[in-house]
Amino acid sequence: FSVVCTGIDSSFLSILLKNKIGLWQMIKMQSGTIFNHMNCIINFLSFSSEVLEAIENVIQEVLESLSKKKAPVLTVTRRSDWRNIEFKDSVGLQMIPYCTTKQIRSDCPRSAPKFALMLKILSMIYKMVQSNTYATKRDIYYSDTQLFGSQSVVDNIINDISCMLKIPRRSLHILSTTKGFVAGNLSYTEEDGTKVNCTCGATAVTVPSNVQGIKNLNSHAKFILIVEKDATFQRLLDDDFCIKLSPCIMITGRGIPDLNTRLLVRKLWDTFQIPVFTLMDADPHGVEIMCIYKYGSVSMSFEAHHLTVPSVKWLGLLPSDLKRLNICKDVLIPLTKQDQNKLASIQKRPYIACQPMWKKELEIMAASKMKAEIQALTSLSSDYLSRVYLPNKLQFGGWL
């Protein structure tokens with residue numbers, strides 16, 4: 001524990017550990033304010049004060065334990081435990097009010113390093129909220145790569161902190177690295193005043209890194225189309241799909257969506273209340289990604305209300321389309337053992353029970369033991385997707 005603590009800011013943890021009793025006495029003398037030793041004049045917005053207070057409460061509990069000569073612990077929710085998750089059709093996968101938890105102990109050789117790293121990141125968050133500055137998860141990792149060890153360690157701790165404090169990650173002034181793109185009939189103003197026009201052309205606009213801060217959203221789009229893959233997204237851009245049929249907004253998370261892409265889809269749906277369709281590969285991976293947009297994920301279920309879009313519809317590529325369109329068997333791909341396990345897992349999830357048509361499509365995939373990429377439609381014609389498939393689906397209601 002002490003070795004790991006050397007990477008933690010002295011004003012936050014080193015002083016805390018070296019002078020724990022004196023700090024506790026000082027805290028009691030100064031009406032319980034635990035960060036007066038920073039000698040900062042704090043001017044907060046109301047929510048920033050709440051974030052700081054939440055962090056201070058955690059540290060106060062640590063100090064109380066130290067003053068009583070007890071080993072401090074941090075209590076975090078078991079975020080990936082299905083026992084802590086419930087399904088609600090109007091929200092998706094959400095965390096239940098009373099969850100099973102685990103303790104990150106400072107006196108246990110296995111958990112002490114994580115305990116120290118959580119305090120380190122809490123100190124960084126505290127300073128960012130104070131100064132109204134932001135950092136990405138990668139910024140935090142690269143601030144001390146030797147201390148953190150890997151990006152995944154940082155990602156996991158940040159999610160644990162967000163869940164522990166019951167505060168959305170973006171309110172902790174931590175931004176995700178964006179990989180998604182958006183294009184089509186949409187304009188907005190970023191937090192710094194930059195005006196963005198996502199006109200449909202050869203290039204798309206990167207999803208903003210601070211979705212919460214964008215404003216003045218304007219669009220005449222009739223629907224939103226979420227596209228699984230970047231290659232398909234770019235092909236639709238090249239075919240001017242956004243304007244040929246009717247104005248629309250296209251978004252891609254380029255595979256499994258990052259947090260910002262999911263936040264943007266939710267913000268667009270909240271703002272414009274227009275239909276949201278998904279265009280995915282007809283395989284278990286594509287179905288999984290679609291379910292993340294619609295129902296959320298287990299690991300981020302504590303933020304379901306900000307991330308899920310329950311109205312999402314499955315537009316394609318449907319397993320039933322493969323037979324209906326007489327797709328050549330040469331372009332179909334056998335399901336791997338991993339695919340079959342993923343498919344079986346999805347079929348058991350609680351939200352599939354309330355989607356009988358989805359369930360039927362998954363049964364078709366399981367029975368055929370075949371999958372297909374969206375690109376399989378090019379076996380019919382090079383522009384079949386944008387010229388025939390999507391227009392017919394949208395015109396005649398071919399979604400589930």
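Count begins at 1; order follows the chain as displayed.
Any Cβ shown, glycine's included, is placed from N, Cα and C.
The domain 'Spo11/DNA topoisomerase VI subunit A N-terminal' annotation in TrEMBL covers 114-174. According to TrEMBL, the feature active site, O-(5'-phospho-DNA)-tyrosine intermediate maps to TYR142. Among the features that TrEMBL reports, domain 'Topoisomerase 6 subunit A/Spo11 TOPRIM' is placed at 223-394.
A 10 Å cutoff on Cβ-Cβ distances gives TYR142 (active site, O-(5'-phospho-DNA)-tyrosine intermediate) a total of 13 other Cβ atoms nearby, all chains included. Across the domain 'Spo11/DNA topoisomerase VI subunit A N-terminal' (114-174), DSSP classifies residues as 47 helix, 3 strand, 11 coil.
If you take every residue in the domain 'Spo11/DNA topoisomerase VI subunit A N-terminal' (114-174) and average the pLDDT, you get 87.
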